[in-house]
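The next block holds one structure in the form of structure tokens; read it before the comments.
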Amino acid sequence: LKESSRVWIHRREKKEKDFPSKMVTMTSEASDKGNTSNESNTAIVPKKYVTMAGGEDAPNILVYKKMEAIIERMQSESGGVAVRTIKAFMSKVPSVFTGADLIAWIMKNLDVEDLNEALHLAHLLASHGYLFPIDDHILTVKNDGTFYRFQTPYFWPSNCWEPENTDYAVYLCKRTMQNKTRLELADYEAENLARLQKMFSRKWEFIFMQAEAQSKVDKKRDKLERKVLDSQERAFWDVHRPMPGCVNTTEMDIKKAYRRGGSSSLGSGSAGAMSNNPVEQMTRTIGLLKQRMERRTIKISKIAESYISYFEQYNDYDFFITTPELPNPWQSDNTELWEQDKSAKEVPLRRVKRWSFGLRELLNDPVGNEQFAKFLEKEYSSENLKFWEAVQNMKTLPQSEVKEAALNIWKEYMAPDAPCPVNVDSRSVELAREAVMSTGPINRWCFDVAAAHVYHLMKSDSYSRYLRSDMYKEILNGSKKKVKSIPNLFGVKR
């Protein structure tokens, strides 16, 4: 315990040297025993918190600087918000101001004319922890006589605090040791303490010792100073561990973090070490690109599963693995197998099954393409397939014939008075119209966006309905019957 206290006191002294800021001067009225001296007390809470290096690189640092400029004007001795010590029965409330005084100062000294706008600005300052109500965990500002207090610069968010759960546990544990009404734990704080005690059960004794040591030091402070420090510490945790239903303003915006360039991914240390040297920036960019190249977007196991599934699906169509019914033309001079595939009269079962692998397999097969076209005619959507095939055919034409083919496609399928209009979005139509009506040479890929849209419609709608249709089932069942009726060498039906 002595060793822990000695280390902790050393850190406190170091913090006070690093942050020589002063608490708002507590001035009483003239009746306060004639004491009008501007005696200042440091509002540094001796806590062992961990700060993040490189505060100038924080995503919200520009917002923090603007807020702090306003707070410094509010704390100015001349022209600032009136901060005073309120006398009550047998007690004093030091260094406070009312919400009405704050709103009045904002509307007088800032370019704010609307009351709601002034309240919104004050709420933003409170939600970020620059000022806080002395008797409430909800960080907001009301235009009434509620008392508020300024936060010490030591706890400003521009210092990039990242307090850990152990620090929060020490703080809550210390609160339970002080038998005072203003320091009693709220319901959500008691629940958090129970959860943290369960989480850090193995080192709870160490946390309790730290809380006890800090509590002893706090008791040696002046009573008014202790009130101010306790409220500032409570407000700090209200910002970083807000009560349920309140917004956590310390959460980092993912977009702002991404714009920082991912300095943490390179492990380059603090942002202060970042240089404006173009060579170093380019080297850093190259390192990031190399990391992206080395990182796989898909796991090897998933790739292996997809390959296995693909090869199992096409296993029956590899004649080096599966023996076909007719002689393999790659191993013999017999081309009967190829001749059978060209024939449209007898479609083998394996060929019909292959149509169900995907729309591309169906369209690549001449018989399958013909059957799908007949199905689309029944569905009154044959123009989709005709348009898509016309676009694909135009890509194979010589450049001298592209313009005529493009104009024909436009007039046939996409013009306002087209006889066979296709169902595409307005953006695709506009892109195609600009390409066709341009004065320069027409690009053979001018209909690619519309063709991709039509292909997606056929794949997601027409193709799935074709596989469920009676037309496909009749062809599939007919091929199965033909396979069963083929006699083998012994004259027995299979």
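For all residues, glycine too, the Cβ spot is worked out from N, Cα and C.
No curator has checked TrEMBL annotations; they are predicted automatically.
Here TrEMBL flags 24-40 as compositional bias 'Polar residues'.
Residues annotated as domain 'DEP' in TrEMBL: 77-152.
Taken from TrEMBL, the feature domain 'RGS' covers 358-476.
Marked as region 'Disordered' by TrEMBL: 19-40.
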* Could you break down the residues of the domain 'RGS' (358-476) into DSSP helix, strand and coil, giving a count for each? => 87 helix, 0 strand, 32 coil
* Helix, strand, coil: count each for the residues of the domain 'DEP' (77-152), based on DSSP. => 24 helix, 20 strand, 32 coil
* Structure fact -> Over the domain 'RGS' (358-476) the mean pLDDT stands at 92
